[in-house]
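Asks: Here Swiss-Prot flags 10-206 as domain 'tr-type G'. For 19-26, 83-87, 138-141, the entry in Swiss-Prot reads GTP binding site. Among the features that Swiss-Prot reports, region 'G1' is placed at 19-26. Marked as Mg(2+) binding site by Swiss-Prot on the basis of sequence analysis: THR26. If you look up Swiss-Prot, you'll see 62-66 marked as region 'G2'. Summarising the annotation, Swiss-Prot assigns region 'G3' to 83-86. Positions annotated as region 'G4' by Swiss-Prot, on the basis of similarity to another entry: 138-141.
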Amino acid sequence: MAKQKFERTKPHVNIGTIGHIDHGKTTLTAAITKVLHDAYPDLNPFTPFDQIDKAPEEKARGITISIAHVEYQTDTRHYAHVDCPGHADYIKNMITGAAQMDGAILVVSATDGPMPQTKEHVLLARQVGVPYIVVALNKADMVDDEEILELVELEVRELLSSYEFPGDDVPVVRVSALKALEGDKEWGAKLLELMAAVDESIPEPQRDIDRPFLMPIEDVFTITGRGTVVTGRVERGIVKVNETVEIVGIKPETTSTTVTGVEMFRKLLDEGRAGDNVGLLLRGIKREDVERGQVIVKPKSITPHTVFEARVYILNKDEGGRHTPFFKNYRPQFYFRTTDVTGVVTLPEGTEMVMPGDNTEMTVELIQPIAMEEGLRFAIREGGRTVGAGQVTKVLK
């Protein structure tokens, strides 16, 4: 094969392995790196199993999670792949979005079929917005009976359909991660087939820069003779000088204003883009008209809300969370982007209480409106200490 130099122009996609314990997620992750290393040695280092298995700890929204990150390239793409050692780590990662996934490889053992955690991961993927799934039917070398393989495949497709994924169309590839890792050529080829399916059916994500402008306000100050400046990190989109923007959230009404200047590191710019830390000079706005916790956005792109449904993970006491359960009408603070807002919790029908370490659905009513859309993530705090994390699954009011 001709030498290829690393092309930064390749599209970048974030994926991860999900599925039941011991169905082979970590083995598959290692095997993918091996097979791609063998196919494109200049592009891919091989990452052995034990290196992925002892995943380093990270913090996301005050929650500690073990996540292993590996990267590799196919012919057409560059991938960042996440794998979590424990079931709880998966749940925490998916809810906090510590490692965002543009798509997932659902690993199902052909010897067991879908198991309880298979279902839980698929449900979470649906709720937290993992948009695409490809199935690796693993340990296929251990099943001689073609009919059994077909039945398991059917079961997986039905499971995906029941959670509103396109079960009939999702690629299902029969693999043996262990055999591929051991260097078996035929099973290695099946993994290349799996990655071709990932290339093909997990589309490129829309880049932050292409989405409507949004910047959470971190600080507000006055520059004598020039006006009010708000600072923050642009979360998405682009803001240009002389554009009209809206200030949304916290206060009952949304305010419209014009950006008369964009500054970064004391220099004047024409625009601020996703990822930039900038100061925006706003026309006709008084210091007391804006506050931390509001967002500056492209007009009409987002609205303020107080009532929503969410999927949450509640820390256990070893993670620094609560020592006792909570009940309906629990009133913690919900930390959105840059600020805390108190909210009242309603639990789902039939749920009396939520124990530390649980993940659950809930409805929340905030005492102040927040610029909100489905998919927005938050932390749950009591007096500045994180006790949980969640994601808005549905805006109600």
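Placed from the backbone N, Cα and C atoms, the Cβ positions cover glycine too.
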Asks: Report the DSSP secondary-structure composition of the region 'G2' (62-66) as helix, strand and coil residue counts.
Replies: 0 helix, 4 strand, 1 coil
Asks: Sort out the residues at least 6 away from either end of the region 'G3' (83-86), same chain, that have Cβ-Cβ distances under 8 Å to it, and list them.
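Replies: For the region 'G3' (83-86), the sequence-distant neighbours (Cβ-Cβ under 8 Å, at least 6 residues beyond its ends) are 16-17, 25-26, 29, 52-55, 65-68, 70, 93.
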Asks: With a Cβ cut-off under 8 Å, give me the same-chain residues at least six positions beyond the ends of the region 'G4' (138-141) that come close to it.
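Replies: That would be 23-24, 27-28, 107-111, 149, 174-179, 187, 190.
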Asks: For the region 'G2' (62-66), what are the same-chain contacts with Cβ under 8 Å, counting residues 6+ beyond its ends?
Replies: 55-56, 84-86, 89, 92-93, 96, 98, 313, 315, 319-320, 379, 381, 385-386, 389
Asks: Within a 10 Å radius around the Cβ, which one of these binding-site residues has the most neighbouring Cβ atoms: CYS84, ALA140?
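Replies: Compared across CYS84, ALA140, the most Cβ atoms within 10 Å surround CYS84.
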Asks: Report, in whole Å, the straight Cα-to-Cα distance of the residue listed as 'Mg(2+) binding site' from HIS87 (GTP binding site).
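Replies: Rounded to the nearest whole number, the Cα-Cα distance is 12 Å.
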Asks: Between the binding-site residues GLY19, THR26, HIS87, whose Cβ has more other Cβ atoms within 10 Å than any of the rest?
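Replies: Of the binding-site residues GLY19, THR26, HIS87, the highest Cβ count within 10 Å belongs to GLY19.
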Asks: Treating G and I as helix alongside H, and B as strand alongside E, what does DSSP give for the region 'G3' (83-86) in helix, strand and coil?
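Replies: Across the region 'G3' (83-86), the residues distribute as 0 helix, 1 strand, 3 coil.
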Asks: DSSP-wise, what's the residue breakdown of the region 'G1' (19-26) into helix, strand and coil?
Replies: 2 helix, 1 strand, 5 coil
Asks: 10 Å Cβ neighbour count around ASP22 (GTP binding site)?
Replies: 13
Asks: Work out how many Å separate GLY19 (GTP binding site) and THR26 (Mg(2+) binding site) at their Cα atoms, rounded off.
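Replies: Checking the Cα atoms of GLY19 (GTP binding site) and THR26 (Mg(2+) binding site) gives a distance of 10 Å.
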Asks: Looking only at the region 'G1' (19-26), report the model's average pLDDT.
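Replies: On average, pLDDT over the region 'G1' (19-26) sits at 95.
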